[in-house]
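Q: In case it helps, TrEMBL gives these features for our protein:
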type: TRANSMEM; residues: 20-40; note: transmembrane segment
type: TRANSMEM; residues: 73-91; note: transmembrane segment
type: TRANSMEM; residues: 103-124; note: transmembrane segment
type: TRANSMEM; residues: 136-156; note: transmembrane segment
type: TRANSMEM; residues: 163-184; note: transmembrane segment
type: TRANSMEM; residues: 211-229; note: transmembrane segment
type: TRANSMEM; residues: 256-277; note: transmembrane segment
type: TRANSMEM; residues: 322-342; note: transmembrane segment
Amino acid sequence: MTSYALRIAGLSWQVRLRGLAVTFGGLVLLVLLMALNMRIGDLPMTVGEVFTDTFDASSPAHFVIMELRLPRALTGALVGAALALSGAIIQSIARNPLASPEILGVTTGASVTVVAGVVVSGGVHGGVSGLLSSVGMPALALLGGLLGAVIVYGLAWRRGLDGYRLVLVGIGVAAVFTNVKYWLMTVGDVNDTAQAMVWISGSLHGRGWEHVIPVALALAVLIPLTLLGTRSLNALRFSDDTVTALGVRMNLSRALMILAAVLLAAVATASAGPVAFVALASPQIALRLIRSAQPPLLSSAIVGAVLTAGADLLARTAFSPIELPVGVVTAVLGAPYLIYLLTRIRKGRT
């Protein structure tokens, strides 16, 4: 496949035409899916009306688009991109296609702190429908995600960080967090716990601009930084001795890239809950589309945004008027893919 070297301010990247085609095609598909998401609802619109009413403040549909549908669509796309980018980084570092933010304790840690907050609040400040929902749950999720990652990273560190050990420790910590979460749910208020379960399933319901902004800012800062670290990330797929011989500061590079992955996953989880399988599947889909040696960062992010936008469309329309959490749809779609991936790994063809 034809590729070119892109040089900017002394830095260079290898740009492949196939990668550009996948990226452009993904962006077009993403725009179409977001337009469909904004078109479908209690107030149906044509695609043309969506675009015209977005900029017409006098239109009755303007409020519906700008305050209800567009924030939800943007939150879904940005959350999917952040999770996928996080997954691509973690899979590259762990050298394992089954690695994802879940093994770093980000999503499970976020779930535990949210459920703990629901239990402790006991309905105070309106429970999960009041202050806890608008401010507390996202803040608790961010705190829990970071705390979970610190625990996993600390337990996995042994004079350096080994990807295989990181995966094993992450699986163990995730199992502990999951059991703690379910125990907490048995002692909490039934109504509040039921609403928290919707968040834990991964939901875009009721998402507003306050959910869009944190993920957008995180991506705006971390995408350029991770792209600058592409050389180090590419080197980390080799053995530790090879990485050292290439002049890469292995432990520092791993720590910084893992920190970026954790921040991306934590912010995404705080905005929409732990949306399943996006971080796992998106990097591998992008890898196969571009036919690269390891998950491509930018293409993975776009694939993640497309998957989440498509899943949200299905969640809203498949059983209308009943709306499913988007995480339920991604889990249903992701389970067969996980089986396929495990089969590929077993046959040694991944």
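Using N, Cα and C of the backbone, Cβ positions are placed for all residues, glycine too.
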Q: Assess whether the transmembrane segment (211-229) lies in contact with the transmembrane segment (163-184), where contact requires at least three Cβ pairs under 8 Å among residues 6 or more apart in sequence.
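A: Contact between the transmembrane segment (211-229) and the transmembrane segment (163-184): absent.
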Q: Considering only Cβ pairs under 8 Å, which range in 103-124, 136-156, 163-184, 256-277, 322-342 makes the most contacts with the transmembrane segment (73-91)?
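A: Out of the listed stretches, 256-277 contacts the transmembrane segment (73-91) most.
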Q: Between the stretches 103-124, 136-156, 163-184, 322-342, which one has more Cβ pairs under 8 Å with the transmembrane segment (256-277) than any other?
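A: Ranked by Cβ pairs under 8 Å, first place goes to 136-156.
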Q: Within the same chain, where does the transmembrane segment (103-124) have neighbours whose Cβ lies under 8 angstroms from its own Cβ atoms, ignoring anything closer than 6 residues to its ends? I mean 6 or more beyond.
A: 86, 90, 94, 132, 136-137, 140-149, 151-153, 166-167, 170-171, 173-174, 177-178, 180-181, 184-185, 187-189, 192-193, 196, 199-200, 258, 261-262, 265-266, 269-270, 273-274
